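Asks: Here's a structure for you.
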Amino acid sequence: MVKVRFAPSPTGNLHIGSVRTALFNYLFARHHGGKFVLRIEDTDLERSRQEYTDDILSGLEWLSLSSAEPPVYQNSRRELHLEYVDKLLQEGRAYPDPEGSPAVFFRVPADGETVIHDLVKGDIVFQNKDFKDQVIRKSDGSATYNFAVVLDDALMGITHIIRGEDHISNTPKQIFLYNALGFALPQFAHIPMILGTDRSKLSKRHGATSINEYKKSGFLPEAIVNYLALLGWTPADGAELMSLAELCQKFDLDRVSKSNSIFDLEKLRWLNAQKLKNLSLETLQKAYPELDIEILKIIKDDLVLLTDVPEKAKVFTLPKIEYTDEQKTELKTDSAHQVFRELQEKIDIIYSGAIEEQYGKAQALIDDIVKNTGLKKGQVFHPLRVALTAQKSGPGLKFLLVLLGREKVKERIQNALGC
RNA sequence: GGCCCUAUCGUCUAAUGGUUAGGACAGCGGCUUUUCAAGCCGUUAACAGGAGUUCGAUUCUCCUUAGGGCUGCCA
């Protein structure tokens, strides 16, 4: 039975790189019908903060990567860790600090080699002589990271340790401890890092790193999950657009890449636009309940970010518009006035019946104006758009005529005629 | 410095001991559209370098180079 864990330390907000690690663990567990648990590594009392734990928990929940089980707080297992320090002390596998502090050192093997049979990287060999005895209990009386991690992973029955490759050099030290403690070794899988565009470790100076910033800027959790899954992994069938359920079904460690990858915001944005297109109108409406669902329908395929909605909806919702001087001269032409008067005369006929029917009548009216005035299409469409929206581009005119509503259309045409 | 990891288009990547080295994002061009997008079609672009193994290496081995990680009584 597969059991994996995601073990963040609550010393900062949920980082995009951590999310990828969490995701791979989650997908691996789900793919194999195993368990995914969370362990908050809050042993650094100085730097750990409750708000960061909250951020991590809510971030994972937003991404649908929550664990079914409540998180384990590493600090609550402090006494347990210390019992094992004593055990190693009694067995003579560890010794007190010769300098007299309360620290305890673990004796690492003097020679031979230690190999990690890594599920992603293959075998990695270390010479034991390169390691010096390691501290397992600090001067302040608490267990060190490498010791606590081994104990918790072993005691929690973790079968696969999937973590960033920045932990590779910790692994031999941990293997020494597994052996000394008599615990069976888990499987290790070290996944590559995510780098910034300059190939250095992804950090603040590359832009947003906290998942909350992405949420705030209008990225969908589905897009983030899909994008992060594709960073360092590809399914055998080459699919790119996948739901979380599909990812769970397809994911496995054997197709995880061995090399680092650079975070590409452009592709994330593209994926976000794709997910937005697939979003149901109902969901979109929940995010923007104040907007007419017909408006949302028209602008939906135009979105890259969820937060683009208000901007895109503006043409429909703005109560008043102002023309620039340049636009005014455009509206002043004889042909423009001819168009406006034609429209004014017949506009009333479109506002009845079902919405689709209204669109149809609006389009027919526009076509009619082109025919009646004998003007070129552009000479009709362009001034009309400017008159109605004070913009040079935007949604189709038939949508504008219908969704703006009779009053606004009439008022704006009247204003345009006054130019 | 020491130890470790990695190396295919600008980016994410696929594949293979013999291929026109494939896809996606971005770019570019076209179509479509009243416009901007979207969509559709097309297109530019890669096996880091050098030895070896082999009939044949992008693929296997070694070296070099480059990048990354670790090198805490942080996690």
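Each position is counted from 1, following the chain as shown.
Just so it is clear, glycine is given a Cβ too, placed from its N, Cα and C backbone atoms.
Sharing the features that TrEMBL gives for it:
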- A:Lys204: ATP binding site (BINDING)
- A:1-97: domain 'Glutamyl/glutaminyl-tRNA synthetase class Ib catalytic' (DOMAIN)
- A:100-270: domain 'Glutamyl/glutaminyl-tRNA synthetase class Ib catalytic' (DOMAIN)
- A:285-417: domain 'Aminoacyl-tRNA synthetase class I anticodon-binding' (DOMAIN)
- A:8-18: motif ''HIGH' region' (MOTIF)
- A:201-205: motif ''KMSKS' region' (MOTIF)
Asks: Pull the DSSP breakdown for the motif ''HIGH' region' (A:8-18) and write it out as helix, strand, coil residue counts.
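Replies: So the motif ''HIGH' region' (A:8-18) is made up of 3 helix, 1 strand, 7 coil.
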Asks: For A:Lys204 (ATP binding site), which of the three DSSP-derived states applies: helix, strand, or coil?
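Replies: Its secondary structure by DSSP: helix.
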Asks: Any idea what the model's mean pLDDT is for the domain 'Aminoacyl-tRNA synthetase class I anticodon-binding' (A:285-417)?
Replies: 92
Asks: Per DSSP, what is the residue tally for the domain 'Aminoacyl-tRNA synthetase class I anticodon-binding' (A:285-417) in helix, strand and coil?
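Replies: DSSP classes over the domain 'Aminoacyl-tRNA synthetase class I anticodon-binding' (A:285-417) add up to 101 helix, 0 strand, 32 coil.
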Asks: List, in sequence order, the same-chain residues at least six positions removed whose CB sits under 8 Å from that of A:Lys204 (ATP binding site)?
Replies: none
Asks: Please spell out the DSSP helix, strand and coil residue counts for the domain 'Glutamyl/glutaminyl-tRNA synthetase class Ib catalytic' (A:1-97).
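Replies: Helix (H, G, I), strand (E, B), coil: 46 helix, 16 strand, 35 coil.
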